[in-house]
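Worksheet for the structure shown next.
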Amino acid sequence: MLNKRGVPCRCESDGPPRQNNALSGTTFYVVGCNKAGWNKCRYINAISTCCKEG
């Protein structure tokens, strides 16, 4: 089962893509944002979700 996380991703609150934009989210694969204190901040695709702590 895939449960990898740790790849940075862009949340909706990060604004439009620009060079040197901070990526405040973390990609969760398969399991979604299932950790306490993590919230979905952007849909990526069927097997990964961008989540933000807090």
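Including glycine, each Cβ sits where the backbone N, Cα and C put it.
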Tell me which of Cys50, Cys51 Swiss-Prot records as disulfide-bonded to Cys9.
Cys50
The disulfide recorded in Swiss-Prot for Cys11 goes to which of Cys33, Cys41?
Cys41
Please give me the recorded positions out of Cys9, Cys11, Glu53 that lie within 10 Å of Cys33 (disulfide bond), comparing Cα atoms only.
Glu53
Hey, how far is Cys9 (disulfide bond) from Glu53 (glutamic acid 1-amide), Cα to Cα, in Å?
12
To which of the disulfide-bonded residues Cys33, Cys50 does the lowest count of other Cβ atoms within 10 Å belong?
Cys33
Tertiary neighbours of Cys51 (disulfide bond) (same chain, Cβ under 8 Å, six or more apart):
Gly25, Thr26, Thr27, Phe28, Gly32, Cys33, Lys35, Trp38, Asn39, Lys40, Cys41
